[in-house]
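Structure first, then comments.
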């Protein structure tokens, strides 16, 4: 399937499985009359495969060592990308960033690294399922930077177009999205 056909098919899956209208309160606290819940798409076999493929293609030229997903929404995505990268003989390891460190055990904010493994000096991409203001991803970036990593890109599946682009620019972070909310609202 061509990239444009994959993108169109994934948009159809998102529209069917993950997009809805109706009043909802977002993680940012804002009210909205539409929402995206990408978990049903990320956990659908075809949706997961297409998300992984398009995301992998979007970051392939970034010379990435690791891809980190925000808890909980982007964890399935990070895993799918890691698996696909292995199949393409260009392995990119995955980790996830907790909203807050666990209060027991190792008390880590960044999870998924093997004992003795470190992000220090590594090039990382942070992935998010849906981005509104960018606040959650910026907090995740801070946690990953504390591990010594270089953040080369923040990549979201859907940008709600409510200030994230400006927030990432102000933070000096490159930001891209696979889709814009307007692509779903205007259909």
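Keep in mind that glycine also has a Cβ here, set from the backbone N, Cα and C atoms.
As written in Swiss-Prot, here are the features:
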- 98, 99, 102, 104, 128, 129, 130, 131, 132, 133, 134, 135, 136: 5-phospho-alpha-D-ribose 1-diphosphate binding site (BINDING)
- 132, 160: orotate binding site (BINDING)
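Overlay of Swiss-Prot feature records on the structure.
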{"residue": "128", "record": "5-phospho-alpha-D-ribose 1-diphosphate binding site", "contacts (Cβ under 8 Å, 6+ apart)": "69, 70, 73, 74, 136, 137, 140, 154, 155, 156, 157"}
{"residue": "130", "record": "5-phospho-alpha-D-ribose 1-diphosphate binding site", "contacts (Cβ under 8 Å, 6+ apart)": "36, 37, 38, 73, 156, 157, 158, 160"}
{"residue": "132", "record": "5-phospho-alpha-D-ribose 1-diphosphate binding site", "contacts (Cβ under 8 Å, 6+ apart)": "26, 27, 28, 30, 160, 162, 163, 164"}
{"residue": "134", "record": "5-phospho-alpha-D-ribose 1-diphosphate binding site", "contacts (Cβ under 8 Å, 6+ apart)": "154, 163, 164, 165, 167, 168, 171, 175"}
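Looking only at other Cβ atoms within 10 Å, the busiest spot among the binding-site residues 98, 160 turns out to be 160. Cβ neighbour count for residue 136 (5-phospho-alpha-D-ribose 1-diphosphate binding site) (all protein chains, 10 Å cutoff from its Cβ): 22. Taken residue by residue with DSSP, residue 98 (5-phospho-alpha-D-ribose 1-diphosphate binding site) is part of neither helix nor strand, so it is coil.
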